[in-house]
Ligand SMILES: O=C(CO)COP(=O)(O)O
């Protein structure tokens, strides 16, 4: 039985003042029935992890370097993020693949670095609108998952997030049938490659998840939660999504 996961990706948003929202989220869900994860910008990992105190919400990074240390100006290594309080690291988000030219090989190396630091990697994949319209969606996400997930991926150290690039920040969402088709396909790929661990790895949907569409998305088979962008920034928006997942 996979425990559901409500994850938030703050991207390059938020400030120390936003810790009030985190406090409100923790207060609204003192004993959450699902796993919670918030991934703020790196500068807010330590403040967020400190503020959360003994609340079970996890704090994650949005990226990590593939090396454990060294001459890489501006980058942050997984052990550093772990020390700051992050237990998870998003790797391979489409914005990093696009903005920083990250390939699936890079993403896999970053996931391995997260694992080596004792962290859970949240491996992101997803097709572009061009891929979708050309009927290539399953080919693209199949290739991405094969190349981005490490051989050592387990139910404990890896989460996979399916995020169609065209659904991110656009208000556009695939049909429930389309989400179900991709999640079933990814589940089959993970099981074929990783056996029981592939059965246990959680599959999140991401892309314009809101309070208004969360419940129907969470009812789709093999959707084990969501990776939420914009709607994870405030308690008013994120809390109903958490509640919908608790009721799914
Ligand atoms: O990219 C996302 C999460 O990683 C999704 O972003 P939005 O929820 O803002 O569409």
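Each Cβ is built from the backbone N, Cα and C atoms, and glycine gets one as well.
If you check TrEMBL, you get these features:
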type	residues	note
BINDING	9, 10, 11, 169, 208, 229, 230	substrate binding site
ACT_SITE	93	active site, electrophile
ACT_SITE	163	active site, proton acceptor
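In the three-state DSSP scheme, residue 230 (substrate binding site) falls into the helix class. Of the listed binding-site residues, namely 169, 229, 230, the sparsest Cβ surroundings within 10 Å are found at 169.
Less than 6 Å separates the Cβ from ligand 1 in the case of 208, drawn from the binding-site residues 10, 11, 208 in sequence order. Between the CA atoms of residue 10 (substrate binding site) and the residue listed as 'active site, proton acceptor' there is a gap of 15 Å. Note: residue 93 (active site, electrophile) has non-local neighbours 9, 62, 63, 124, 163, i.e. same-chain residues 6+ apart with C-beta under 8 A of its own C-beta. Sequence-distant neighbours of residue 208 (substrate binding site) (same chain, 6+ apart, CB under 8 A from its CB) are 167, 168, 169, 170, 171, 172, 173. Within 10 Å of the Cβ of residue 9 (substrate binding site) there are 26 other Cβ atoms, across all protein chains. Same-chain residues with CB within 8 A of the center of the 9, 10, 11, 169, 208, 229, 230 CB atoms, the substrate site residues themselves not counted, are 13, 168, 228, 231, 232, 233.
The Cβ neighbour count for residue 163 (active site, proton acceptor), using a 10 Å radius and every protein chain shown, is 26.
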